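**Q** Mind having a look at this structure? Questions to follow.
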């Protein structure tokens, strides 16, 4: 089905004010050429990943809902509060049967996926008696009490769960980055402990030198300020700085022509500033820190410009921000290297946490080693028993051979051929007049004497 180009804020709000047909701006691209190329109507634009563990399910639900004309029309006229309050979810009862059937199928697939994840997790800790229905309660993006059909409650839960998760995204990201920085410092200090005094001093001196080198960079403009945007206008867009126009700038960087600057389009605006501080060729520059700096800049601009907090910047919001004093006379921007990301107490607590985790892993490793040794002992014991049995069988066969008994076969059976079954050419070797008794009813023919002459 052909995707219509008009699905801006409403569809994004359905994905908790984030997802819609948006396209991230390529870094280091000539924006004048981008404008000339324009956006192809009907072209399917790749959506940015939300980072949610149910991202694919969220996308599939929206793609299916977009195919229903009635729901799409309601979506285009809905505002933020209608979507967040669950009012829009009640429109699900009016969609076509085909759409509801497809949504039912998507939900069953998602429930099956979650159950598989639960089972895999429980199996890893050797748990038994899994109650999937109870464990499904931890997932708040669908109604676990009804695993077979997609109802208005499912859409409402999906919207609210994604909204909450995405609102906490930046906070979670900050915490993860903080842990990353503390781990770097922890590993550095642990390495220093392994060195003698002379080498330790050299390593400390090298660290301070790299830190100083990293901090020696040109001034970084305040994200979203006039100076910062004019720098993009001149160096990235190749336009005359004296002809800077906010409205033209907005349209130029609205790459997919949807009337909004999304988070990816905003982040692309900070590339020139980041290049002043970070170079992948430099040992002292950490690219993980560069991406965190980019996200910090985007978050700051969103907080300043995005009035309705829908994670999109409209032209009206953008122009209103250019009229503020902060746009013309902004405060200086502190980069990550100018900030204290954690305290010594926080680092100490982090190291204690690591130490506790290492102790737990060590105990588990010791338990596994004991289990391995016990299994090896049992294996050796079985091997010894097997060898003893083989020796007993061998001795029994030797004893039978000594007593004149036929040797035993592989399964212990005696190798005796039944009477009357002889191989070809094997005739009974009983000499005439021998001592061997004859079977009952057998009359022996008298031997023919060659010295008797018959007339």
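In case you wondered, yes, glycine gets a Cβ from its N, Cα and C as well.
As listed in TrEMBL for this protein:
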{"type": "SIGNAL", "residues": "1-24", "note": "signal peptide"}
{"type": "COMPBIAS", "residues": "194-211", "note": "compositional bias 'Basic and acidic residues'"}
{"type": "REGION", "residues": "194-226", "note": "region 'Disordered'"}
{"type": "COMPBIAS", "residues": "212-223", "note": "compositional bias 'Basic residues'"}
{"type": "DOMAIN", "residues": "241-276", "note": "domain 'EF-hand'"}
{"type": "DOMAIN", "residues": "293-328", "note": "domain 'EF-hand'"}
{"type": "REGION", "residues": "347-455", "note": "region 'Disordered'"}
{"type": "COMPBIAS", "residues": "349-380", "note": "compositional bias 'Basic and acidic residues'"}
{"type": "COMPBIAS", "residues": "381-395", "note": "compositional bias 'Low complexity'"}
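Tell me about the setting of these features in this model.
**A** Same-chain neighbours of the region 'Disordered' (194-226): 188, 244, 269-270, 273, 276-277, 282-285, 297-298, 300-301, 304-305, 321-322, 326-328, 330-333, 335, 337-338, counting only residues six or more beyond its ends whose CB sits under 8 Å from a CB of the stretch.
Confidence across the domain 'EF-hand' (241-276), taken as the mean pLDDT and rounded to a whole number, stands at 92.
For the compositional bias 'Basic and acidic residues' (349-380), the list of distant contacts is 179, 182-183, 186, 342: same-chain residues at least six beyond its ends, Cβ to Cβ under 8 Å.
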